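This report concerns only the one structure given below.
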Amino acid sequence: MPGHNTSRNSSCDPIVTPHLISLYFIVLIGGLVGVISILFLLVKMNTRSVTTMAVINLVVVHSVFLLTVPFRLTYLIKKTWMFGLPFCKFVSAMLHIHMYLTFLFYVVILVTRYLIFFKCKDKVEFYRKLHAVAASAGMWTLVIVIVVPLVVSRYGIHEEYNEEHCFKFHKELAYTYVKIINYMIVIFVIAVAVILLVFQVFIIMLMVQKLRHSLLSHQEFWAQLKNLFFIGVILVCFLPYQFFRIYYLNVVTHSNACNSKVAFYNEIFLSVTAISCYDLLLFVFGGSHWFKQKIIGLWNCVLCR
């Protein structure tokens, strides 16, 4: 029986491509540069701010995920997993945990800024720094003590897997409750993303109508412009995977035969979610004087026409 499972896993391996190696190298380098860059910026930011705390937590999420990337690269290059099945489950689950935690912090940042806009407040912040630290510590305790052990312990438990092959847990999707949970997550993420996009477009349209000629002199406009970076990451990195996931779930759960091309495309879309590590670079870049000058110049050209 184990031998049968091993051969089946081998035949169901997605197409190996050097593009995945290149992508993860780019993610690793860009992610590290982003983490280092944002650290210099965080020193000057208000640590009681809800937005700042969300950004700090983003740094932590990206940093932990980036620690697992070298293991993925080693596997992709050598085509053999040498670190044991339990650690394979952790590294595999970490890509999903990274995506959803990043999405969660984006929602926190965007909703906070929407509240600031609609309630006409200068900022939303914790009463004391200790409260901000406690909120973050509580969340990470929940993730470390409950979420990670639960995911790793329940991840890939229904079938036997070859310890030399990693990230091949698609057969778990054949189970009804696993499929239902996946569909619920996909629908939730897509719905929240669409709502955030609608709010963002509405806010920017309001600002353009109200402050047409003095738009660029308002700090709130630049804050809302930064929001577009986060919305852009969601649209480019997360939503393609979520939409393809619907098709992938349908193919995997309704077919006994292995479709290596579908598995390959699923792996590509999932890997693209890791590019969200570049959000920290975009955050730093969006606050730079050079970027503001370019936007001002572009806006003046539009008004002149």
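Yeah, the Cβs are placed from backbone N, Cα and C, and that goes for glycine too.
If you look up Swiss-Prot, you'll see 1-22, 72-89, 153-183, 249-267 marked as topological domain 'Extracellular'. The N-linked glycosylation site annotation in Swiss-Prot covers ASN5, ASN9. Marked as transmembrane segment by Swiss-Prot: 23-43, 51-71, 90-110, 132-152, 184-204, 228-248, 268-288. According to Swiss-Prot, the topological domain 'Cytoplasmic' annotation covers 44-50, 111-131, 205-227, 289-305, on the basis of sequence analysis.
Panel annotation: around the transmembrane segment (90-110), residues 50-51, 54-55, 57-58, 61-62, 64-65, 68, 71-72, 83, 143, 147-148, 151-152, 155-156, 166-167, 169, 185, 189, 192, 196, 199-200, 227, 230-231, 233-234, 238, 241, 270-271, 273-274, 276, 279 of the same chain, lying at least six beyond its termini, place a Cβ under 8 Å from a Cβ of the stretch.
Where the transmembrane segment (51-71) meets the stretches 132-152, 184-204, 228-248, 268-288, the count of C-beta pairs under 8 angstroms peaks at 268-288. When Cβ-Cβ distances under 8 Å to the transmembrane segment (184-204) are tallied for each of 23-43, 228-248, 268-288, the top count falls to 228-248. Listed by sequence, the residues of this chain that lie at least six past the ends of the transmembrane segment (268-288) yet keep a Cβ under 8 A from its Cβ atoms are 17, 19-20, 23-24, 26-27, 30-31, 33-35, 37-38, 41, 55, 58-59, 62, 65-66, 69, 95-96, 98-99, 102, 222, 225-226, 229-230, 232-233, 236-238, 240-241, 244-245.
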